[in-house]
Amino acid sequence: MSCEVLVLYFAKSAELADVRSERICVAQQTTSQQLWQEIVSRHPRLAALRDHVILAVCQEYVSIGDQLLLLQPGDEVAIIPPISGG
Amino acid sequence: MNAVRMNEGTGEGKDMIKVTPEKLSAEEVSQMVISPCCGAVSLFIGTTRNSFEGKNVVRLEYEAYVLMAESEIKKICTEIRQKWPSVKHTAVYHRLGLVPVTEASVILAVSSPHRDESLEAVKYCINALKARVPIWKKEIYGEEEYCWKENKECFWAKQDKDPSLKNCQESSTAFSEMRLE
């Protein structure tokens with residue numbers, strides 16, 4: 001089963017992907033690593049962020065790894081490069 | 001001596017959180033946390049600097065994942081109340097967009113009956129904000145030279161001190177700035 005999610009790109013990741021947000025179809029059950037790979041396959045320049053990027057799914061941080069996600073249609077997935085607020 | 005009962009003294013504490021393109025005012029933010037039951041207001045103001053490692057910073061731009069930034073700040077405020085139950089009000093304001101050098105990018109205020117709690121809470125708050133609130137700062141050095149900064153508190157940042165300009169662009173392709181609705 002696949003579903004459409006909204007992917008948001010910020011800061012360096014928005015520059016590399018050259019897009020701020022887009023809807024993509026992904027497997028509903030996926031690991032965060034597979035989800036990241038799917039996004040990188042659409043925007044290969046994002047590979048430059050490897051090992052120093054984290055995801056947020058429905059506004060909660062998710063490390064890129066084996067963690068299993070159960071996505072729902074319309075869920076928000078954000079690409080979060082290292083932060084620098086303050 | 002008459003004992004005066006202050007309703008505000010027993011009222012609920014408030015967390016006032018704002019991520020905004022508007023200019024921040026220390027006076028306004030500190031006023032928000034004032035309470036008759038509190039003898040202390042602690043304030044932290046983060047301001048923008050004009051140089052980084054000898055480079056002249058022309059301007060700074062902040063962007064945020066606004067809804068998540070606000071929810072992460074709210075979590076920090078909740079933690080503050082667990083750690084320092086006497087804390088009365090908190091206010092966390094972060095500016096977005098272009099911030100001219102010397103102006104405030106972030107202002108935090110915490111009130112408590114006595115000073116120790118508000119002082120400690122304000123320090124905890126700025127450290128936690130730098131570690132996990134999704135906000136990004138771009139330092140712009142010149143025409144086409146800029147750098148996305150990385151807080152040392154950010155656990156997924158590349159921690160090596162590589163002097164190469166990994167996040168810096170010496171001659172960038174034009175990138176259109178769009179605001180996420």
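Each residue, glycine too, has its Cβ placed from N, Cα and C.
Any TrEMBL annotation is an automated prediction that lacks curation.
Copied over from TrEMBL:
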- B:His114, B:Arg115, B:Lys130, B:Lys137, B:Lys138, B:Glu139: substrate binding site (BINDING)
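Mapped onto this structure are the features recorded in TrEMBL.
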residue	record	contacts (Cβ under 8 Å, 6+ apart)
B:His114	substrate binding site	B:Gly39, B:Ala40, B:Ser86
B:Arg115	substrate binding site	B:Gly39, B:Ala40, B:Ser42
B:Lys130	substrate binding site	B:Asn151, B:Glu153, B:Cys154
B:Lys137	substrate binding site	B:Leu60, B:Glu61, B:Tyr62, B:Ser105, B:Trp148, B:Lys149
B:Lys138	substrate binding site	B:Leu60, B:Glu61, B:Tyr62, B:Glu63, B:Tyr146, B:Cys147, B:Trp148, B:Lys149
B:Glu139	substrate binding site	B:Phe52, B:Lys55, B:Val57, B:Leu60, B:Tyr146, B:Cys147, B:Lys149
Near-A candidates in B:His114, B:Arg115, B:Lys130, B:Lys137, B:Lys138, B:Glu139, the binding-site residues, by Cβ under 8 Å: B:Lys130, B:Lys137, B:Lys138
Local backbone state of B:His114 (substrate binding site), from DSSP in three classes: coil
Largest inter-residue Cα distance among B:His114, B:Arg115, B:Lys130, B:Lys137, B:Lys138, B:Glu139 [record-listed substrate binders, Å]: 38
